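A.B. asks: One structure, as structure tokens, below. Some questions next.
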Amino acid sequence: MLQIYNTLSRSKQVFKPIVPGKVKMYVCGMTVYDFCHIGHARVMIVFDMVVRWLRASGYEVLYVRNITDIDDKIINRAIENGEPISALTNRFVDAMHADSDELGLMHPDQEPRATDYIAQMQGMIGKLIENELAYQANDGDVNFAVRLLPRYGQLSGKTLDELNAGERVAVGDGKRDPLDFVLWKSAKPEEPADTRWKSPWGEGRPGWHIECSAMSCDLLGEHFDIHGGGADLQFPHHENEIAQSEGALYGKDRKVDDAPFVNYWMHNGHIRVNEEKMSKSLGNFFLIRDVLKSFDPEVIRFFMLKTHYRSPINYSDAQLEEARSGLVRLYTALAQGSKAQTISLGSSNPWAKRFADAMNDDFNTPEAIAVLFDIVSEVNRAQGEEKQVLANILKALGASLNFLQRDPTVFLQSSAKDQAGLSPEQIEEQIAARVAAKQAKDFAKADAIRKALLEQGIVLEDKPGGLTGWRRA
């Protein structure tokens, strides 16, 4: 039975979908004004894992992840570059998709862009004004009146007096209260024409928070199962989403029996660098495409999932090397089953049960990966057909996490991308020289080549028929 840690209740809860067998999930996506960094990769990988496990568990999942393609940062970057908003955002949407594909991740079922949902946003703002939860200020902006919603703060667990305006919630002259946040931004004379839309409140553009409320409600309904995102979005973004969505639907007072906007809120932990939160403002961030130049995509996914999704991760090349070494151990064991196949495992299989118990405990991937390493230990001890059976189980369980689906030989030889040192071509040249030395009965030279390769982290494996395989140690 799956349990999910729900940020709203601050506890693990048994997962009960609104419609049996079906799951509707929304994840806050990227603001597309620059290339994606490794923090974005964690969001992508974590919720890719969640969707894969839900589907492996038999659920029909509708996975929506939005694209924010109108935002102050986008506008500023477009002005700085002297290009239209659409040219900038399209370029970085393409780059995001390229990064995601390179990481080996699934595409969301729906990937709405904010600018395609302006009408829905305006409709929701209109309802909030009608419900006396929003007002137009003297500067032309339309703001949400936070103190008029008594239940505001339920996600962050803070009272109104404890809350701060937070990131992206600028306190403007027109606000009645510093906690109020903007729903519709009045157009400024210096802003480009492609950043404004007509509305009942004058030309302008949507605020950041209303975008996700409108898109999620339009695509998933006013009440859905799971909403996810990074921990930094819990407040104010997700808090404001709840306020807007429930305020538009129920007004100031949601009754006890009224369905909440979202049943389960999930938040992944931060990426840290030298024990500091990774962020562009600190200049300590790493682009996905740059990390991919040095590390295999599967290594990056493994690095992310060997830590529980709610815990922070300290990023370093050393940590990625450790992840690479772990994958090498798994693939080396898999290679011992010469014809390992992804098979269907029944729930009665003890390995499958242990793995499922871990994953059903709030997607506990570290514990699930520990099960894989326990199988590796058994593979190393097994003989004959039992090796093959265990290798099949290893591959089948790995598939649930998008691991171990490649040819082991190919993976073990392809880590030149992960390490400095000899290229596969150079290694094959040395192997050919060793074969020639053995044929000439110059065994001292053959042994010297083997030793030299081992010193550079290359392990040779002589096989029947005079063939020689290799892997990185």
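Using N, Cα and C of the backbone, Cβ positions are placed for all residues, glycine too.
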A.B. asks: Quick one: which of 30-40, 129-139, 206-216, 349-359 does Swiss-Prot have down as motif ''HIGH' region'?
C.D. replies: 30-40
A.B. asks: With Swiss-Prot as the source, which of 277-281, 322-326, 422-426 is set down as motif ''KMSKS' region'?
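C.D. replies: Feature motif ''KMSKS' region' in Swiss-Prot: residues 277-281.
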A.B. asks: So, three-state DSSP: helix, strand or coil for H237 (Zn(2+) binding site)?
C.D. replies: helix
A.B. asks: Report, as numbers and ranges, every residue of the chain located at least six residues beyond the motif ''HIGH' region' (30-40) whose Cβ falls under 8 Å of a Cβ in that stretch; write 'none' if there are none.
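C.D. replies: Non-local partners: 67-69, 71, 73-74, 77-78, 88-89, 92-93, 95-96, 99, 230, 270-271, 278-280, 285-289, 291, 315.
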A.B. asks: Go ahead and report the DSSP secondary structure tallies for the motif ''HIGH' region' (30-40): helix first, then strand, then coil.
C.D. replies: 3 helix, 2 strand, 6 coil
A.B. asks: Starting from the Zn(2+) site formed by C28, C212, H237, E241, give every other residue of that chain whose CB sits within 8 Å of the mean position of their CB atoms, in sequence order.
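C.D. replies: Those within range, site residues removed, are W208, H209, E211, S213, S216, H227, G229, L233, H238, N240.
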A.B. asks: I'd like the per-state residue tally for the motif ''KMSKS' region' (277-281) from DSSP, helix first, then strand, then coil.
C.D. replies: 0 helix, 1 strand, 4 coil
A.B. asks: If you count other Cβ atoms within 10 Å of each one's Cβ, which of the binding-site residues C28, C212 has the most?
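C.D. replies: Its Cβ has the most other Cβ atoms within 10 Å: C212.
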A.B. asks: When a 10 Å sphere is centred on the Cβ of E241 (Zn(2+) binding site), how many other Cβ atoms does it contain?
C.D. replies: 27
